[in-house]
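Feature annotations, reproduced from TrEMBL:
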TRANSMEM  B:21-44  transmembrane segment
TRANSMEM  B:50-68  transmembrane segment
TRANSMEM  B:75-95  transmembrane segment
TRANSMEM  B:101-122  transmembrane segment
TRANSMEM  B:143-165  transmembrane segment
TRANSMEM  B:185-218  transmembrane segment
TRANSMEM  B:230-251  transmembrane segment
TRANSMEM  B:257-275  transmembrane segment
Amino acid sequence: MPEPQPARLALHDLQLAQGHRTVLQHVDGQFADGAITALVGANGAGKSTLIQGITGTLKPVAGRIACTIPKSRRAWLPQQLALDLSFPMSVEELIMIGTWPSHGALKGYCAAHYRRGREIMARLGISHLAHRPLGELSGGQRQRALIGRTLMQEAELLLLDEPFANVDAETVEVLIEVLRDMADAGATLLVVLHDMEQLTRLADEVVVLAGGHAHWTTAAAFREMSAAELIELTSPLKLPGVAAC
Amino acid sequence: MLDTLLWWLTSPFDYAFMRRALAACVALSLTAPIIGVLLTLRGMSLMGEALSHAILPGVAVSFLLAGFSLPLMMLGGLVAGLATVGIASSISLISGLKEDAAMASLFLVAMATGVMVITLAGSPLDLGHVLFGSILTVNRNTLLLVAATASLILIALAMTFRALVVECLDPVFLTLQGRHAGWTHGLFMTLVVLSLVVGFQTLGTLMAAGLMLLPAAAARFWSQRLESMIAMAIGGALAASLAGLLVSYHAGLPSGPTIILLTGVGYVISLVAGPHHGLITRWRMPATDTAHGH
């Protein structure tokens, strides 16, 4: 038996802060390859902060993020409100952006790229929207277009910040299926989630953020937790070691 | 009739100074509107306007130190413009306030400093020349400098176009690729300043932003595709430049303001008749608006 490979995304004694406020500290752990990890926690617990840290938009105060996934294969699905919806770009153009990291931003697209783009749109059920401007899409259609970009990018690390917010039920089904396929193909997925039912259907592992710390567990164990255990986990006062800081 | 029209269109360009003016306008019209489209998409139109005034003290100080040397005045303008960008983003970084508020304060200070320097020095440099440009006095060397800088801007835009577009839409996408979005932003602001510096000789610091922003703002009413918006903005700028030169020649009007006024006319026409968000389109579809309202 070969030695098990270390995960391609790991956090080492990570400390992240927003301004002068420490949001997360002493975070140690790794995100399994080929698995979907749900990030859960109360508002302000540090879910988006952790995502920002991993994307590189927020520099760690201490510790480090070790990621061996090639940069061209790192993707993210922004929260819908983070995008300028009046931007003059069509669905197809947005999806084609996914080729830039690996293909280079200078070269034109070739026929194979367009073919792949069409396959992706067909899979996501948005072929008829190919030339529609982003501003004219519904929340669900926009989310499908954005996930199309990550498919085009052949993402091996995908960070999703509340992907199902403001999205219709049918799109949620399509997205869950696509995300599961990506994980089965070996990608590492981190999803900020609020909905327990979606978590049950999607996540393999769960990272609970509370009191400035991260607690790793499996989705199965998380589901089994009683309300009392959950309260204990998410209550900052009862976490060992936190009282000191 | 046709002969008269032909004469009206071509006779001004019998003069070398008119041909040079036209060439300078073409160089400006091929670059500035692209920058303008990207600026309007970022919601930074007024930043472009503010920056165009911020280059004044650099031009003035260069003139005092080295006399009337256009390359040095352009360099001075570039340094002043970039310094304003740098200071504005530092202020916004330190204070946590938005960059445009810092920029608004800075450009007023810069503008006043520039006027003060020019006046106090009692210099022969005509303030009007710097503020309003003098498109008809473009000489061969100026034209070469304008054309070379415009070409440089065009090449830089072509090489970084996709990064600039993505930085507008989704900066984190760039950060994930290990390319710091701040660099892209810095490069873009440099191109904005460079493009304004190219424009100051011909249109003056007060109006250099006009050819950049007005055709771009007008193009948004005609298209929802980036490429066609850029093509339309360039087309609009070219048309306004040519028409502006012709009208100003025949009617004896100042050429810079005529060109900018014509881009303004183009903007008003677009605002009224443009198929996207234009007033006529809106009046024709009151039902959808009220549907959203309830």
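Positions of Cβ are set from backbone N, Cα and C atoms, glycine also.
Note that TrEMBL annotation is computational and uncurated.
Since we're looking at a predicted model, the values are computed, not measured.
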Query raised in the report: Cβ under 8 Å to the transmembrane segment (B:257-275), counting only same-chain residues 6 or more beyond its ends: which ones?
Result: 25, 132, 135, 203, 207, 210-211, 214-215, 217-222, 236-237, 239-241, 243-245, 247-248, 281
Query raised in the report: Hey, which of B:50-68, B:185-218, B:230-251 has the most Cβ-Cβ pairs under 8 Å against the transmembrane segment (B:143-165)?
Result: B:185-218
**Report entry** Residue numbers, six or more beyond the limits of the transmembrane segment (B:185-218), whose CB comes under 8 Å of its CB atoms
**Finding:** 21, 24-25, 27-29, 31-33, 35-40, 45, 47-49, 51-53, 55-56, 59, 70, 74, 77-78, 81-82, 85, 114, 129-135, 138, 142, 146, 149-150, 152-153, 156-157, 160, 164, 167, 171, 229, 232-237, 240-241, 256-257, 259-260, 263-264, 266-267, 269-271, 274
Query - Leading stretch by Cβ pairs under 8 Å, where the reference is the transmembrane segment (B:50-68) and the options are B:21-44, B:75-95, B:230-251 - result: B:75-95
Report summary line: Tertiary contacts of the transmembrane segment (B:75-95), defined by C-beta under 8 angstroms and 6+ residue spacing from its ends, are 51, 54-63, 101-103, 106-107, 110, 186, 189-190, 192-194, 196-197, 200, 205
